[in-house]
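Noted in Swiss-Prot for the protein shown:
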COMPBIAS  1-14  compositional bias 'Polar residues'
MOD_RES   ALA2  N-acetylalanine
COMPBIAS  16-37  compositional bias 'Basic and acidic residues'
COMPBIAS  45-56  compositional bias 'Basic and acidic residues'
COMPBIAS  72-98  compositional bias 'Low complexity'
COMPBIAS  99-114  compositional bias 'Acidic residues'
DOMAIN    134-177  domain 'CHCH'
MOTIF     137-147  motif 'Cx9C motif'
DISULFID  CYS137-CYS169  disulfide bond
DISULFID  CYS147-CYS158  disulfide bond
MOTIF     158-169  motif 'Cx10C motif'
Amino acid sequence: MADAVNAQTPSLSEQYHLEKEVKQDTSAKPVEVKEVAPEVTTQAEEVKTEQAKEESPVEEAVSVVEEKSESAPESTEVASEAPAAAEDNAEETPAAAEENNDENASEEVAEETPDEIKLETAPADFRFPTTNQTRHCFTRYVEYHRCVAAKGDDAPECDKFAKFYRSLCPSEWVDRWNEQRENGTFPGPLP
């Protein structure tokens with residue numbers, strides 16, 4: 001029995017290292033420390049009964065915290081009542097946490113395995129031109145007016161651009177662009 005206790009007693013360097021880890025955990029997550037404290041008393045009994053097992057770093061940290069809690073004297077009845085109330089809360093808290101985990105797990109399964117993935121697009125509305133049609137319409141309109149500015153109104157080379165933009169562009173657009181050209185507010189690169 002003495003050999004088992006000596007084997008589980010950490011060396012000074014291990015204790016120092018574990019105290020650093022415990023301090024870092026408590027400073028990083030003060031909410032979790034409150035939850036861990038009630039569990040320490042229940043795990044202390046398990047550690048004492050099962051001293052033959054090897055301890056992982058987490059269990060070693062728990063044993064260090066247990067040693068500190070056992071060495072702290074309880075001077076008043078209020079202090080002894082507080083851990084008892086904490087144990088009651090600890091028993092209720094894991095049950096509530098398990099229920100939440102079960103609900104979350106069922107939601108995750110439902111999200112991961114959908115029956116079918118349906119891609120739906122809006123039906124084609126021929127009142128509105130497609131993106132490519134819009135781009136080509138604007139480009140041909142600009143090319144036509146560049147050609148007319150360079151070669152004159154009667155140039156036969158410019159007729160093909162006129163046919164292209166008149167077939168692609170809605171007449172409202174052409175009327176608006178013509179007004180903008182006259183006003184000097186046309187957004188395109190015209191000469």
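From the backbone N, Cα and C atoms, a Cβ is placed for every residue, glycine too.
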Exercise. Where else in the chain does the domain 'CHCH' (134-177) make close Cβ contacts, counting only residues six or more beyond its ends and a cut-off under 8 Å?
Worked result: 186, 188-191
Problem set entry | Integer Å distance between the CA atoms belonging to CYS158 (disulfide bond) and CYS137 (disulfide bond) | 15
Problem set entry | Residue pair CYS147 (disulfide bond), CYS169 (disulfide bond) - Cα distance, angstrom, rounded | 18
Problem set entry | In the chain carrying CYS158 (disulfide bond), residues 6 or more apart in sequence that have Cβ under 8 angstroms from it | TYR144, CYS147, VAL148, LYS151
Exercise. In the motif 'Cx10C motif' (158-169), how many residues does DSSP call helix, how many strand, and how many coil?
Worked result: 11 helix, 0 strand, 1 coil
Seminar exercise, completed: So CYS147 (disulfide bond), by the Cβ count within 10 Å over all chains shown, scores 18
